[in-house]
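Asker: Quick one: the structure is below, and I'll ask about it shortly.
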Amino acid sequence: MAPKAIIAPSILSADFAQLGADCARTMDQGADWLHVDIMDGHFVPNITFGAPVVAKIRKHVDRPTENHGRGTFDCHMMIAEPKKWVKEFQKAGCDLYCFHYEAAFSSAAESPEGKTDAKTNPKDLIRYIHDCGLLAGIALKPMTGVEVLTELLESPDAKERPDMVLIMTVEPGFGGQKFMASELPKVQALRQKYPDLNIEVDGGLGPGTIDQAADAGANVIVAGSAVFGAQDPAEVISLLRNAVNKASA
Ligand SMILES: O=C(CO)[C@H](O)[C@H](O)COP(=O)(O)O
């Protein structure tokens, strides 16, 4: 049985002019987490917002009382320099700092002699995120295979193991894109090997695609336009949760 269903609406589809109120309402409608999309215009061709905005919206949503609990701010860092912003986001009220594997390695490739140092090595970055008191997530773009995560997921040292893996089901950068079912074998492979792992999917999730993702083994569901664009967001959140629970029963 997969870990519990966690529904994390992506606030990328909220009204940025009333973000605090939108976040609070989404929680009242039954969300477990908020998925906070941070884009820097370098790693992805779009810009959202930074830590000061996260600190403001944190005031509208109670902090979780346990790891992975209700009110978790799941910050999806679509940024080129993930190490640089960990402390800033921790201070702002982030709970789970999810960086892209590809960002760690693209920075590494640019470092002198292509070295992977503490700044860029995913293992050291996960340790650093944990040392800063946050949960650590690692995200994969489409095209990056899950085998790159084996060493991390099987590390004997819990400080080096990610608390969650995010499998992108669209190219990161924009909401409202078409779901890529081609990414689901990655979810299946991870679920088979790691029954207790939190596996998040993000991009194009909604009533029409949730069953495929849930059947593959995803338990953390990000949905932006499907929730914020719904007539009845509470109904959509509940439908997503029921699909995950049914698939994992
Ligand atoms: O990370 C993202 C884009 O990079 C968003 O979280 C994601 O695409 C959610 O939007 P939607 O549910 O509308 O597809």
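Yeah, the Cβs are placed from backbone N, Cα and C, and that goes for glycine too.
Remember, TrEMBL labels are computer predictions, not curated facts.
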Asker: Looking at TrEMBL, which one out of Asp202, Asp211, Asp215 binds divalent metal cation in the same site as His35, Asp37, His76?
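Answerer: As annotated by TrEMBL, His35, Asp37, His76 share the divalent metal cation site with Asp202, chosen from Asp202, Asp211, Asp215.
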Asker: With Ser10, His76, Gly173, Phe174, Gly175, Gly176, Gly224, Ser225 listed by TrEMBL as substrate-binding, which of these, Gly30, Gly50, Gly93, Gly204, is given for the same site?
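Answerer: That substrate site, as TrEMBL gives it, pairs Ser10, His76, Gly173, Phe174, Gly175, Gly176, Gly224, Ser225 with Gly204.
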Asker: Of Ser10, Ser225, the binding-site residues given in the record, which has the fewest other CB atoms within 10 A of its CB?
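Answerer: Comparing Cβ neighbour counts within 10 Å for the binding-site residues Ser10, Ser225 gives Ser225.
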Asker: For the divalent metal cation site (His35, Asp37, His76, Asp202), what does the 8 A shell look like? I mean other same-chain residues with CB within 8 A of the CB centroid.
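Answerer: Counting only non-site residues, the set is Ala8, Ser10, Leu12, Val36, Asp74, Cys98, Leu166, Val222, Gly224.
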Asker: In whole Å, how far is His35 (divalent metal cation binding site) from Gly204 (substrate binding site) when you measure between their Cα atoms?
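Answerer: Rounded to a whole number, the Cα-Cα distance is 14 Å.
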Asker: Cβ within 8 Å of the substrate site centroid (Ser10, His76, Gly173, Phe174, Gly175, Gly176, Gly204, Gly224, Ser225 excluded): which residues?
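Answerer: The surrounding set, listed in chain order, is Leu12, Ser13, Asp37, Val170, Gln177, Asp202, Gly203.
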Asker: Quick one: of Gly173, Gly175, Ser225, which binding-site residues lie within 10 angstroms of His76 (divalent metal cation binding site), measuring between C-alpha atoms? Sequence order, please.
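Answerer: Of Gly173, Gly175, Ser225, within range: none.
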